[in-house]
Amino acid sequence: MSITNADIKASGEIAVGPLLSRARGNSSTSSSLEKDAFKGHQTLDHSPGTGHGIDPSKHNATFETFGNETFYTPIEDYEGKHRYDPTFEWEPKEEKKLVRKLDLRICSWVCLMFFALQLDRGNISQALSDDMLNDLKMNTDDYNTGQTIFYICFLCAELPSQLISKKLGPDRWIPVQMVSWSIVASMQAFLSGRSSFFACRALLGLLEGGFIPDNILYLSYFYTSLELPIRLSFFWVSYQFTSIVSAFLAFGILHLRGHHGLAGWRWLFALEGLLTGCIGFISFLYLPPSPTQTKSWFRGKEGWFDEREELIMVNRIIRDDPSKGDMHNRQALSPKALWYSLTDYDMWPIYLLGLSWLIPNYPMTQYLTLQLKAAGFGTFETNLLTIPAYVLFIVQLLWWTWVSEKTDQRFLTGLVSQIWALPVLIALETISGHTGPWVKWALSTLLVGSPYVHAIIVAITSRNAGSVRTRTVASALYNMCVQASSVIGSNIYRNNDKPLYRTGNKVLIAICVYNMALFIGAKVFYVAKNRSRRQKWDAMTAWEKQRYLETTTDRGNKRLDFRFAH
């Protein structure tokens, strides 16, 4: 059965065939009119400085759309369609001012919500430093099992959560997740043993799973492909900023040990879960559905943006990536569209990276407080000594994300994370058991603070998807792979291998070398793809390109005018 443009449009793909004839009237005369209009690619003036917001000579566009905007008109149901205007112009300073406003209104709140996620997801580390395992009569292997349960449930919830989010809208679904998991997080104050610990880990995983790709999808409604990596880096800065703040919070809260007969870690779970719930409830009222839907009694009757600002937001997003206009923000994916996304082999190199690139530093990140206590540091010293690792993490995250965009090299920048980790792992593997605690602390800090290129890879996932449909699924699949890597990483340091974890470190060294090959392989794969398509595209005449855009049934990132980021 042949696939029509209508089928593609319904599945969330770019389908451009009918658009030109609709725009130009009588289909019987469209052929000659199209030829005249297309001569010399003179549809629109996109020379630098015209005020269109995008300079094709400097912007590595997702689609080669310049001069052909009439082929990429958003669907009628697109929430910003009433603001779409391919002839609209604006000044660069207006756009910069608007992006700063988006950062303040949207990105900062998304970071706050991520702070809440990490507060409840990461405080297990501080709880361990307060003898939680001994209080519950558990050992390291029990903790590993609990974390494995958590990540498996987290992984399983990723895709269903993303599909729900696409149907209901991230602005509705994200607060539901937050309030739900905050209740379970608070209830951890009443843990009684291994069984209740496992049950809470499972519930938290199911409720928190999907939160990250849901927010990535939400941010993509407001930011261009070039802006997204930096915003995602701040997303993960909030992740480590939470680690710093929670270390200070833990320092104070854990001193409540014995108050009302409760252990300090019980107070930690109860109070931090309550804080997360408050942020989630406010998010119900705060999050707007899209750039053109900000009016409400809570956000103001006039909304956050005036008409001109909405025009700038919609048109800059569509010109950067026309695929974002192919579905509205509360449109569910059909089973057929889901299958297309799952079988999109051009995304598989990214998923393969997600399965392993984080593993080399994962065990140390999870065991940092236990490692420091084993080295001889006290409970409160241990929590404070984790802070330098988190500061280093933040600095490296921001620096390498900036470098990746400045150099237009994503996978080669990602390779730095493995080059950094390898010598540290070798040092950990070879140091003497009598090495002083400060040397162990320094090595642990360097490994936990290694270059974190997650924001770079997530941004590549979003951009290389090529359609809203694939972007929705791909963000979830990549994060599922990352959670699978967490399951693997949680079981590398074993109880019978401590305190130096010689066997575990050997495994991590081997994985690190494997990851180096993966980063280079992904780079080569996408460069080859782009080269092949560009040769075909450049060999076509202007008329042949027009006919291709009008009649093609190629979908999303399979189109000849699509270019992969690498």
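Backbone N, Cα and C atoms are what each Cβ position is placed from, and that goes for glycine too.
Per TrEMBL, the stretch carrying the note transmembrane segment among 182-202, 203-223 is 203-223. Within the chain, the transmembrane segment (203-223) has long-range Cβ neighbours (under 8 A, six or more residues past its boundaries) at 99, 102, 106-107, 110, 113-114, 117, 120-121, 149-162, 164-166, 170-171, 173-174, 177-178, 180-181, 184-185, 231-232, 235, 287, 290-291, 313, 317, 324, 329, 458, 462, 471-472, 475-476, 478-479, 483. Within the chain carrying the transmembrane segment (411-431), a Cβ under 8 angstroms from the stretch's Cβ atoms is held by residues 353, 357, 360-361, 400, 403-404, 439-440, 443, 446-447, 450-453, 456-457, 460, 500-502, 505-506, 508-509, 512-513, 515-516, 519-520, 522-523, 526, 566, all 6 or more beyond its ends.
Between the transmembrane segment (348-370) and the listed ranges 268-287, 438-460, 507-528, the one holding the most Cβ pairs under 8 Å is 507-528.
Same-chain residues lying 6 or more positions outside the transmembrane segment (438-460) and placing a CB less than 8 Å from one of its CB atoms are 216, 225, 228-230, 232-233, 235-236, 350, 353-354, 357-358, 360-361, 364-365, 368, 371-372, 375, 377, 385-386, 388-393, 395-397, 400-401, 404, 410-411, 413-414, 416-417, 420-421, 424-425, 427-428, 431, 475, 478, 482, 565-566.
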